[in-house]
């Protein structure tokens, strides 16, 4: 067997590495990390065939110009960490100058973390308005055994983390739908917040919104002050469904009349839809089980699939 020439070894060292399954966040990003790999591999093969390394110069692993980019990761620094419930945190990131992420509604961004030498990627939806200047905020639930959670829990002010994006989103247009029915479980609230804020910020937008937030207990409802503010608008109603509360008596009076105990089931779904002022267009965000259950209940209530959007 002939020993590999030095230049062969050089080329092999430059060959892009295929991503491992843990690096794909599974959110259907375009481009996905695998698309980026295919593109870089093709570029490498072309450069190798022509024996011209300058063709690889375009490959940049991380950007540092603080512009969010779907293809490469950009560094952002953590400016504050706020614990909202026992397992959920709100993280604020700095944007240089008064720049803005310029996200469209409900778009998500992908975080990269390295845990015990394994690279992991997960998608999160910022809850700050898409045009917020100088910062963006993300709501994250940390799981006891979650790989990414172990990394996120170490964050403190001044730490630098890497994001790419944006991806996805809901093509919202003011007044396109008479009423939006938002069904959110836990951190599934995240993509709903920027849409709600864009409606309340626009005096011309007269869309009615019914938000149904599903949480285990009253203490674990996120962003209560913000939700209470939004519920003061004439066209916004907010209901809470608390699966582990048994009675409403312990809740503050202002929450009692718009809170249900138990689970959001088919009967409750019908009640809520019947109370909507117009036939709603439905936005759903939660775990895959939650999303499937909601789709089933909606169908039973006569809401067609083309009147739903799942984040």
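Positions of Cβ are set from backbone N, Cα and C atoms, glycine also.
Since we're looking at a predicted model, the values are computed, not measured.
These come from TrEMBL:
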- 71-173: domain 'FAD-binding FR-type' (DOMAIN)
- 122, 124, 139, 141, 148, 149: FAD binding site (BINDING)
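Annotated features taken from TrEMBL, shown on the structure.
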residue	record	Cβ within 10 Å
122	FAD binding site	20
124	FAD binding site	23
139	FAD binding site	23
141	FAD binding site	19
148	FAD binding site	20
149	FAD binding site	19
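Those residues of the chain, other than 122, 124, 139, 141, 148, 149, with a C-beta within 8 angstroms of the mean position of the FAD site C-beta atoms are 111, 138, 140, 142, 146, 152, 187.
Looking only at the domain 'FAD-binding FR-type' (71-173), the predicted model's pLDDT averages out at 89. Per-class residue totals from DSSP over the domain 'FAD-binding FR-type' (71-173), listed helix then strand then coil: 6 helix, 51 strand, 46 coil.
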